[in-house]
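Residues annotated as active site, proton donor in TrEMBL: A:K208. Taken from TrEMBL, the feature NADP(+) binding site applies to A:A11, A:G12, A:L13, A:G14, A:T15, A:V16, A:G17, A:A18. Residues or ranges marked as NADPH binding site in TrEMBL: A:K108. Per TrEMBL, L-homoserine binding site is recorded for A:E193. According to TrEMBL, the feature domain 'ACT' maps to A:352-427.
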There are 2 protein chains.
Amino acid sequence: MTSKSIKIAIAGLGTVGAGVIKILEGSKQVLGHRGGSVAEVVAVSARDRSRDRGVDLSAYEWCDNPVDLAGLDTVDLVVELIGGSDGPALALARETLKRGKAFVTANKALIAMHGRELAELAEANDAHLRFEAAVAGGIPIVKALREGLAANTISGVYGILNGTCNYILTRMEREGLGFDEVLQDAQRIGYAEADPTFDIDGIDTAHKTAILAAIAFGQAPTLDGMPIEGIRNIAPVDIDQARDLGYRIKLLGVANRTENGIETRVHPAMVPVSEPLAQVHEATNAVVVQGDYVGQTVYVGAGAGEGPTASAVVADIVDVLRGSGGPVFGVPVAELQTPVTEEVSGNPGTYYIRLSVKDEPGVMATITSILGKEQVSINSLIQRGCAVNEGVYIVMTTHETSESAVKAALSHLTEADCVLETPTMLRIQVAGTQ
Amino acid sequence: MTSKSIKIAIAGLGTVGAGVIKILEGSKQVLGHRGGSVAEVVAVSARDRSRDRGVDLSAYEWCDNPVDLAGLDTVDLVVELIGGSDGPALALARETLKRGKAFVTANKALIAMHGRELAELAEANDAHLRFEAAVAGGIPIVKALREGLAANTISGVYGILNGTCNYILTRMEREGLGFDEVLQDAQRIGYAEADPTFDIDGIDTAHKTAILAAIAFGQAPTLDGMPIEGIRNIAPVDIDQARDLGYRIKLLGVANRTENGIETRVHPAMVPVSEPLAQVHEATNAVVVQGDYVGQTVYVGAGAGEGPTASAVVADIVDVLRGSGGPVFGVPVAELQTPVTEEVSGNPGTYYIRLSVKDEPGVMATITSILGKEQVSINSLIQRGCAVNEGVYIVMTTHETSESAVKAALSHLTEADCVLETPTMLRIQVAGTQ
């Protein structure tokens, strides 16, 4: 054992905070070996002092206000597990970094919204800023991108970043259930929040995508200009069609280097069953990275939960113990690129379209004519079963086209008399394409 | 850009060495940002000075003897790409570390055979010793185990670590070809060496398994006591049977924490098609890690080749630039556990057995009686097609048993008159089991 010791304060004592304390206390010696110095919890803060968390807090200093942790002379490193992009989490981050102390967080919203400012503070005050737990839980993907693949120019990174959505999609596929039914069940068993908006509407995935893009491409994290679409509109018929066509539907966060700069987006997509991401089920997360030298690498693991998140937080702490440095987002803040806030590439690729139409003569001619006018060329077309109001579903996949062309066609289709519902569009995501 | 500069010597200028130079020269600025100092190649050594390698060597000092690189005053870090567990590679490693200089290598044999000695030298002389490229090519699995999962007690790590074997098994499965035929074809197109022994007999996988075990469990790397079996005896009938039973055959390197210590082994195994490793095809590598807090994480990518290997070597160099420290195998050499050199757990699990037997009455009774005597209980049994000498194949899977029991039964079966060929046995590898 070495004699050097780093003193830690933890703000937020939910299951993850308690997990971090358990690991730090339970593995003191081995962590000391791995980090070359000892991590010692000295202070904590949480809303409710009296709650039983399964860990003994009596030896730690207690602060009612988490921001006070940063000011304690005894504290070298603050772990923030409060959550929220602003409020006490942001105040604590600023105060900690201003004092030149290390800041470790699992807070994706905080880093996605204020990453640039905090990285600037970290740099100006020579302080560590770490957030492995903010993306994909226990999978060390931030480290892999920042360090493991440091030799590479990354052309793209995308993945399944939200366990709740993947759990819902998996159950819809396996059990043939509708979205609402599975969501309610997921809420009942604790796999979805009472207010599931952040998860199912893609905001959580967007935060994580912004962070991955920042590290992969050396740009400030931002949600500005990121098209974000969740999984609310996925119907059982889409899941069935995906299966018939050899795909699975997954909610993806995508960040690509394009001729016009870095483009990011969040949307459900059809993933070929032979691709690694199609094999990722339930609440598991997975990230695919394409680098110029390394080629494609894939990282799979639990995306959330006490153990995986605490594992990532403690890995960050051990990195601080080891004195592992380097710029927060891979390049100094002054060199961070300005993100592209307007999508201009038109998002080339192939698409899945589902229409609910009247079952009457001439409909197919109307549809194909509208698609043709927008230069959207049909690869496969299936008419099936009954849809609403005695209509039928028409399900198509396109040849290579652009998202803008498909959207223009869908806008005309929506106006056509024969189309009964707002059309559904899903991108077909193939590895190696953008 | 920072003004600090680290001067690099490269020993061995095959495709990987040339690739390392290309990355270091081509990405000087971005690597400088990532590492906080600049990496500069100053000296090289190779067998043939005149060969065209697609990189300009004129600015670098040339040493005919690679070991001389370590002694150059201008050199801070030596990259060893010579290969071989002994000879000049070992001499260069010793000389470099003794002088307190950083040593980065892609040489799995060197680390597997001399890892403890070299880690001791590194520690004594406060020198970096790094070998990310030695295991699974460009996948940052050494970093993930050493740093990303530092919070965890690892219970097991296993994977597909040899691209040549996985390529052969993939083609046998897809094309229904025999081992020899695919091997010859692989040699013809450069996917297998002229002397393929190291790959197909599992030695290469054993080296990598020893290194993974060392980092995962904090023990000295060794091949002592590691049962090593390659893929020579896999027949098309086994591949067919695996498919029928819902498995794929993969060569695995396995390291497990058991009650009796750390056990390592290399052998082909039946992997359920639903498991991540079953989806890993051709020359791709993949590693599964089981940690107590993080649960299961999986890492997939190219296991060899110029780009991926150079990517890993440069990641190590950038880590040295960043001053990222910590003990070589996660714990100080004095704390390294002594590996278990004798397998004592009996390797509990389920097994696949293929027998070639005479097609005559009473055979089944003989076989089941022998198995019963060794307490090997049959889960499924299929008799199929024609084997050699007008015999038939009997293919079985067992209920949970031990490898020693199966081996004892096989030894008796081999002696039985009705058994025509040496029986084949394959372990059925299920995630979460050992």
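Easy rule for this one: first residue shown is 1, then count along the chain.
Cβ atoms are placed via backbone N, Cα and C, with glycine included.
Note that TrEMBL annotation is computational and uncurated.
Note that this is a predicted model, so its numbers are computed, not measured.
The DSSP secondary structure for A:A18 (NADP(+) binding site) is helix. Annotation note: A:A11 (NADP(+) binding site) sits in a strand segment as assigned by DSSP.
The two recorded residues, A:G12 (NADP(+) binding site) and A:K108 (NADPH binding site), show a Cα separation of 15 Å. In three-state terms derived from DSSP, A:E193 (L-homoserine binding site) belongs to neither a helical nor a strand segment and is classed as coil.
Distance from the CA of the residue listed as 'NADPH binding site' to the CA of A:E193 (L-homoserine binding site) is 17 Å. Note: the Cα of A:T15 (NADP(+) binding site) and the Cα of the residue listed as 'NADPH binding site' are spaced 17 Å from each other. A separation of roughly 24 Å, to the nearest angstrom, links the Cα atoms of A:A18 (NADP(+) binding site) and the residue listed as 'active site, proton donor'. Break the domain 'ACT' (A:352-427) down by DSSP state and the numbers are 27 helix, 29 strand, 20 coil. Around the Cβ of A:G17 (NADP(+) binding site), the same chain contributes A:I10, A:A11, A:V44, A:A46, A:R53, A:V79, A:L81, each under 8 angstroms and 6 or more positions distant in sequence. For A:V16 (NADP(+) binding site), applying a Cβ distance below 8 Å and a minimum sequence separation of six or more within one chain yields A:L81, A:A106, A:A133, A:E306, A:T309, A:A310, A:V313. With the residue listed as 'NADPH binding site' as the anchor, the candidate recorded positions are A:L13, A:G14, A:K208, and the one with the nearest CA is A:K208. When secondary structure is read from DSSP and collapsed to three states, A:K208 (active site, proton donor) falls in the helix class.
Under the three-state DSSP scheme, A:K108 (NADPH binding site) falls in the helix class. Working note on the binding-site residues A:A11, A:A18: by count of other C-beta atoms within 10 Å of each C-beta, A:A11 ranks first. Other Cβ atoms within 10 Å of the Cβ of A:K108 (NADPH binding site) number 27 in total over all chains. Just so you know, the Cβ of A:L13 (NADP(+) binding site) picks up 22 other Cβ atoms within 10 Å once every protein chain is counted.
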